[in-house]
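Annotation source TrEMBL lists domain '3-dehydroquinate synthase N-terminal' at 77-189. Here TrEMBL flags Gly115, Val116, Val117, Gly118, Asp119, Thr139, Ser140, Lys152, Lys161 as NAD(+) binding site. Among the features that TrEMBL reports, domain '3-dehydroquinate synthase C-terminal' is placed at 191-340. The annotation Zn(2+) binding site is assigned in TrEMBL to Glu194, His256, His275.
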Amino acid sequence: MTEPLTHPDPLTVHVPLDGGRAYDIMIGRGLIDAAGPHMAALGARRAAIVTDENVGALYAGRLQDSLGRSGLNSGIVTVAPGEGSKSYAGYAQVCDGLLALKVERGDLVVALGGGVVGDLAGFAAATLRRGVRFVQVPTSLLAQVDSSVGGKTGINAPLGKNLIGAFHQPRLVLADTAAVDTLSEREMRAGYAEVAKYGLIADPGFFDWCEAHWRGIFSGGPERDAAVAACCRAKAAVVTRDEREDGERALLNLGHTFGHALERLTGYDAARLVHGEGVAIGMALAFRFSARLGLCAGQDAGRVANHLALAGLPTRLQAVPGGCGDADAILDAMAQDKKVRDGALTFILARGIGQSFIAPGVDRAEVAAFLRDELASDRDA
Ligand SMILES: NC(=O)c1ccc[n+]([C@@H]2O[C@H](COP(=O)([O-])OP(=O)(O)OC[C@H]3O[C@@H](n4cnc5c(N)ncnc54)[C@H](O)[C@@H]3O)[C@@H](O)[C@H]2O)c1
Ligand SMILES: O=C(O)C(=O)C[C@@H](O)[C@H](O)[C@H](O)COP(=O)(O)O
Ligand SMILES: [Zn+2]
C-alpha cells in the first residue's frame, strides 16, 4: 500500500452507484460521537437505532447524544448478540420494534453493531413499509471492512446462510475505528479473515502488507484505518461494477461456499464457529483444493494457511469444535449455496495469491474426494 497511514480527518471512500444509490463510507476514530451532522445531512428528522445488547451498552447512548445535538430524535431496538438473531424470530423482533417506534418512510434506520446487526437491520429496513433508508454504523472489524458495504442484507434459514434477503444499499456508512478497541480478541481475528480475503482475491501486494502489518490492525494503530479503507475501496469497486452479483461480485465469496456450510452445520452457534472463522477455514480449503486440482502452487496454499494460523484463525475442518459432519453432510449443506447453477457447485478458486477466479460447474465427486482426504488428514494432524 502506498498511502500514508495516518490521517487527521476521516477517510472517505465513495461508492458511485447509479440511480440515487451512491453513498459515502467515512472511516476514522471518533465518528460515533460525530455522527449527528452526517446523518442530519441526509435530511431526516428521526432515526431508529438497531443494535445488540453488547454494542448498545457501549455506544448507543453516545450515538443518541450525537444525533440529539443535531436535532435528530431517536429510539432504540435491541436484539440479543450473535448469529442467532439473524433469524426469522430476530427479523420479526426488529420489524415489530421499528413499527412500535412508528418509523416512517422518511426516517432513518441506523444499524449500530457488527455484521449481524447490519444484515438484520438492513433487511428490516429493506422491507419495512416496502423500504426505509438506512445507515450503517459498523462496530466490529468484520463489519467495517466488509458487511457494512455493498447492500447485501438478510437473515439465515435453518437450511442455509443468508438465504432470505434483499439488496438494499445504505445511504451512509460511518466506520468509527476506535469502536473496534472494545472488540474481543476472537472477534478481531474473525474480522481479520475478511481483511486477508481482499489480498487473496485480487491484490497480492495487500496480502504482503497484511503479513507485515496485521498486528497493527489488531492493536488499533494507523494500520487499522488503512486496512479498513483498503478493503472498503476494493469492495466498493467490485460492487459498483456488479451490484447484484451477476458476475465478478461472486469473487467476494472466496472461502464462503465451505464456510457457510460449516456455519449451518454448527447451527449458527457462535460458541462453536463464527462467520470469520468459517471463512478462514473456507479460504484455506479453497487454496488447498486449487492446489490439488493443479491450479495453484502448493506453496501458496501453505502460505495462506500459515498466515491465517499465525493470526490465530482455524484453517482445518478438524478445528470446528464438536465437528462438522462427514463429506456428504458438508456437500449437502453446500448444495444450498446461492452460487449453485443447474444443481452444480460454483467455487471461488485461485491460481495463486491475489489470483482468484470464479469456477462454475465444479465436479461434486472431486469435492467429495477432497473433503474426505481433508477430514482424514485432519484426524492424523
Ligand atoms: N452483508 C455482507 O456483505 C456481509 C459480509 C460479511 C459478513 N456478513 C455477515 O456478518 C455477520 C458477522 O458479523 P460480525 O463478525 O461483526 O459478528 P457480530 O455482529 O455477531 O459481532 C460479533 C460480536 O462482537 C460484538 N461486538 C461488535 N462490535 C463490538 C464492539 N465495538 N465492542 C465490543 N463488542 C462488539 C457483538 O455484540 C457480537 O457479540 C455474519 O452474519 C455474516 O454472514 C455480511
Ligand atoms: O458482499 C459480498 O458479495 C460478499 O460475498 C461478502 C461476504 O463476505 C459476505 O459474507 C456475504 O454476506 C456473503 O454473501 P452470500 O451472498 O454468499 O450470502
Ligand atoms: Zn463474509
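A Cβ is built for glycine as well, from the same backbone N, Cα and C atoms used for every other residue.
Distribution of TrEMBL features across the structure.
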residue : record              : contacts (Cβ under 8 Å, 6+ apart)
Gly115  : NAD(+) binding site : Pro138, Ser140, Leu142, Ala143, Asp146, Ser147, Ser148, His275
Val117  : NAD(+) binding site : Val50, Thr51, Asp52, Val55, Val79, Ser85, Ala111, Ala143
Asp119  : NAD(+) binding site : Lys86, Ser147, Lys152, Thr153, Gly154, Ile155, Asn162, Gly165
Lys161  : NAD(+) binding site : His260, Glu263, Arg264, Tyr268
Glu194  : Zn(2+) binding site : Leu141, Leu142, Val145, Asp146, Cys231, Gly276, Val279
His256  : Zn(2+) binding site : Gly278, Val279, Gly282, Asp337, Ile348
For Val117 (NAD(+) binding site), which of the three DSSP-derived states applies: helix, strand, or coil?
helix
Taking 10 A as the limit, how many CB atoms besides its own sit near the CB of His275 (Zn(2+) binding site)?
29
For the NAD(+) site as recorded (Gly115, Val116, Val117, Gly118, Asp119, Thr139, Ser140, Lys152, Lys161), determine the largest distance between any two Cα atoms, in Å, rounded to the nearest integer.
22
Inside 10 Å of the Cβ of Ser140 (NAD(+) binding site), count up the other Cβ atoms and send me the figure.
28
Taking only the binding-site residues Asp119, His256, His275, which have a CB closer than 6 angstroms to any atom that belongs to ligand 1?
Asp119, His275
Take every residue in the domain '3-dehydroquinate synthase C-terminal' (191-340), average their pLDDT values, and give the whole-number result.
97
